[in-house]
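Following: one structure in structure tokens, then a few remarks.
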Amino acid sequence: MADSARAQKLVYLVTGGCGFLGEHVVRMLLQREPRLCELRIFDLHLGPWLDELKTGPVRVTAIQGDVTQAHEVAAAVAGTHVVIHTAGLVDVFGKASPETIHEVNVQGWPSVTCCGSPWTWGRKHMPSSTFGMGRRKKLQLGHSPPPHLLPSPGTQNVIEACVQTGTQFLVYTSSMEVVGPNVKGHPFYRGNEDTPYEAVHRHPYPCSKALAERLVLEANGRKVRGGLPLVTCALRPTGIYGEGHQIMRDFYHQGLRLGGRLFRAIPASVEHGRVYVGNVAWMHVLVARELEQRAALMGGQVYFCYDKSPYKSYEDFNMEFLRPCGLRLVGTRPLLPYWLLVFLAALNALLQWLLRPLLLYAPLLNPYTLAVANTTFTVSTNKAQRHFGYEPLFSWEDSRTRTIRWVQGVESSSQ
Ligand SMILES: NC(=O)C1=CN([C@@H]2O[C@H](COP(=O)(O)OP(=O)(O)OC[C@H]3O[C@@H](n4cnc5c(N)ncnc54)[C@H](O)[C@@H]3O)[C@@H](O)[C@H]2O)C=CC1
Ligand SMILES: C[C@@H](CO)CCC[C@@H](C)[C@H]1CC[C@H]2[C@@H]3[C@H](O)CC4=CC(=O)CC[C@]4(C)[C@H]3CC[C@]12C
């Protein structure tokens, strides 16, 4: 179809469009997708900022809905050209139950475990290169669950809605957590989409993201209503930062409570991959735009989200923003021995369990977050550039400045 004929004709749906990343995707689409005529924003909780978008040339439709409800998802998907599925339960602190995380992120399915009984996923102990990364290979399930135990919710609903209603392009927000860090704490150093890595998870969040990503990639090529093939791909951001990042806000407030200080807990040598939210959003917009023209190349593929953000430890990276806001990081080495952190993390987990009937105790430090924070995981790849011409829209300096300005705004709004 000629470009002029396609102008102002496309309908997009962004699930989770009121979340941290989702809001940036929504705003980026409105700024950078000239062919957009309608943008549907589907979320459990709609933000008040949506009202300001309704005055522009693109029709913005806010839909309060739940991805676990198949009929709500199907109604939102019907008539769209592209679905960007960012909705998810991002919980590594034990706020939600494992069942709820699976229900929202993957599919409703009682007592699912990712890496153990009752069903063992073929991915266990598989190097990531055989886990459908660079290669277009059908992923193997160890023992598939009985079909009647595979009901609809979460990501599965989104896929089925595309198939049933005839939407051909689906972009899924996956996560670096699909790969690692694994339970053994193996470093992933400057890895790319084809780097072999033993991806073994036990925590519900990475398990759910891995399962959901697999569902999305396996759905590539399914015939949608009307007979055309579904084209899917998955984006794997590393730790996202930028305006709206809740954990950054938490660290900032913690620092203020501690008299302007944060205490180093993780060695500076442990490097973490981080990526600016604006660049992650830009990658989603580009993928969604290019999927049609480059379906054969991009369909069924995964891409790490990356930009020029420096490799640093999680804490040193956060200080790039928090230092200009008046906080300092005390210690050039961790102030507490690692064994004591492990003990405190385990104590937090025990307290969470004991207090659960009375209250929700969900501190930042638990055995899982400690293990992730303490394991090097960095990405170095140009796959997105090779496949669809991605270049970061925001330089590191720009990303840093924008994030600092936002933290400073958090400061003034909380005074
Ligand atoms: N924050 C990070 O560092 C990273 C996030 N991701 C992925 O990016 C995606 C977005 O994450 P964030 O923006 O950080 O999280 P977020 O929690 O800010 O946004 C998620 C959005 O999904 C919505 N949502 C949750 N359950 C829903 C349901 N049942 N039905 C409809 N909407 C629902 C929430 O209301 C929220 O607006 C997630 O899929 C997450 O796994 C991937 C890598 C890193
Ligand atoms: C031990 C503490 C001392 O200060 C520091 C604890 C930091 C942790 C809360 C974070 C360290 C690494 C983060 C995760 C990482 O960025 C990868 C992620 C990807 C996602 O898809 C979701 C979020 C997260 C799991 C992110 C969560 C917070 C950390 C564990």
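Sequential numbering from 1, following the chain as shown.
Positions of Cβ are set from backbone N, Cα and C atoms, glycine also.
Nobody curates TrEMBL annotations by hand; they come from automatic prediction.
If you look up TrEMBL, you'll see 13-110, 154-329 marked as domain '3-beta hydroxysteroid dehydrogenase/isomerase'. Feature annotation from TrEMBL assigns transmembrane segment to 335-355.
For the transmembrane segment (335-355), the list of distant contacts is 94, 263-265, 361-363, 365-367, 369-370, 374: same-chain residues at least six beyond its ends, Cβ to Cβ under 8 Å.
Secondary structure of the domain '3-beta hydroxysteroid dehydrogenase/isomerase' (13-110) per DSSP, as helix, strand and coil residue counts: 37 helix, 21 strand, 40 coil. When pLDDT values are averaged over the domain '3-beta hydroxysteroid dehydrogenase/isomerase' (13-110), the model yields 93.
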